[in-house]
Amino acid sequence: MNPFHHKDGELYAEDVPLRRIAEDVGTPCYVYSSAAITERYQRYATSLSGLNARIYYSVKANSNQAVIATLGRLGAGADVVSVGEMYRALKAGIAAKDIVFAGVGKTRDEMVAALQAGIHQFNVESRGELLTLNETAVSLGKRAPTVLRINPDVDAKTHAKISTGKAENKFGIDIAHAAEIYAEAASLPGIEIIGLACHIGSQLLDIAPYRSAFAKLADLTRQLRGSGLTVGRIDLGGGIGVSYRGEQTISIDDYTTAVMETVGNLGVQLEMEPGRSIVADAGLLLAKVINVKEGVSRKFVIVDAAMNDLIRPALYEAYHEILPIRAPGDDARVERVDVVGPICESGDLFAEQRPMPPVSPGDLVAFCTAGAYGAVMASTYNTRPIAPEVMVKGGEYQVVRPRLSYDTMIGQDVVPSWL
Ligand SMILES: *Cc1c(COP(=O)(O)O)cnc(C)c1O
């Protein structure tokens, strides 16, 4: 289902006209569909139901508590990469026993907080981190439930900035050293070594890299078991891509088949950490055209959203479909325009030479597929208030994060007493 559709010439989120949200809340503004988030989660839950598998929603894709709580009610756990995300997940009602803590640079303080909270699992990414976690746990009189994140050295064939499973990436333990470190982990008093993990990247559109990564984990599992070690759990990470511009992506059923055929008969508990594929196309960024400027060689559509609201185009050269809220007539001509924000950076560019129906100042537009890695990456650059977030459910909607006020934003600074 697509939660965003035109009805009587206007773009709706479920049963709410986006124009109404824009008038009520202002622009720029993120809008999420509760029904779409639910459906995307259920797709995983249904497809994986025949396996001993559990879903830990990757909170970094969209950490609004409304989103986490929606998924928590459906039975999801949370995959966090910082203690801040752990606190958010707890606040949103996810129990500590349903939280997985991943990330390449956990600090000792973060380990203490997560051990005291009693989380489900630490995904450890290096020998150094393993030793620190061991010491920290021992000092608290605890044992840390741990899986080792393996870097399987496969090319996920995704954007360089979101590829994480190649030997030259900073993530995970080299597969060549994994057995040795796993054996060491089994001997440490503060570590309860449970199994293995991997996460090879994000926005994967091809199943082949998953297959080879999972097959390598299966081989490693057999090798470890052969030397008398116990492997009871495998965390398969996240990363399934979404269609930003009509590209073919991985079907969840194909993914499940790949899982079954590689690690399905090891008798381990399986975990997945999807983020983007649950929330990306359940959200959009609503913006208003401020001005249309005729340059010497190009036409610029200047909108009131900017790279501080949605940094993906600037950071990853990402493509977001841009839809006018008022559906263009069938005979509308199309012109090529650059869609830009007001920030003083040439990189504040959402789309270059994009064919669009003509728009005028005051018109509303939507940046589609912005539910993941959108609001979470927002900043106040250029002293722009963080955009509000709205969640729609049927014919209802609520502001789930208000716009940051100028007073709050500016009130954070402290002028030193010597001035
Ligand atoms: C980011 C991340 C995920 C989620 O990736 P998506 O591409 O959003 O599904 C899962 N696991 C880990 C360890 C991550 O860092």
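Using the three backbone atoms N, Cα and C, a Cβ is placed for every residue, glycine included.
TrEMBL annotations: computationally assigned, not manually curated.
Take the pyridoxal 5'-phosphate site that TrEMBL assigns to G239, E273, P274, G275, R276: the candidate from Y182, Y316, Y319, Y373 listed for it is Y373. In the set R312, Y316, E345, none of the binding-site residues has a C-alpha within 10 Å of the C-alpha of G275 (pyridoxal 5'-phosphate binding site). In this structure, the CA atom of Y316 (substrate binding site) is 17 Å away from the CA atom of K60 (N6-(pyridoxal phosphate)lysine).
Sequence-distant contacts of K60 (N6-(pyridoxal phosphate)lysine), defined as residues of its own chain at least six apart whose C-beta falls under 8 angstroms from its C-beta, comprise V80, V81, E85, G275, Y373, V376.
In sequence order, S58, K60, A61, S202, G238, I240, S277, I278, A372 are the residues of the same chain, not among G239, E273, P274, G275, R276, Y373, whose CB sits within 8 A of the CB centroid for the pyridoxal 5'-phosphate site. Around E273 (pyridoxal 5'-phosphate binding site), the same-chain residues six or more apart in sequence whose CB sits under 8 Å from its CB are I55, Y56, Y57, S58, D79, V100, A102, H199, D235, L236, G237, G238, listed in sequence order.
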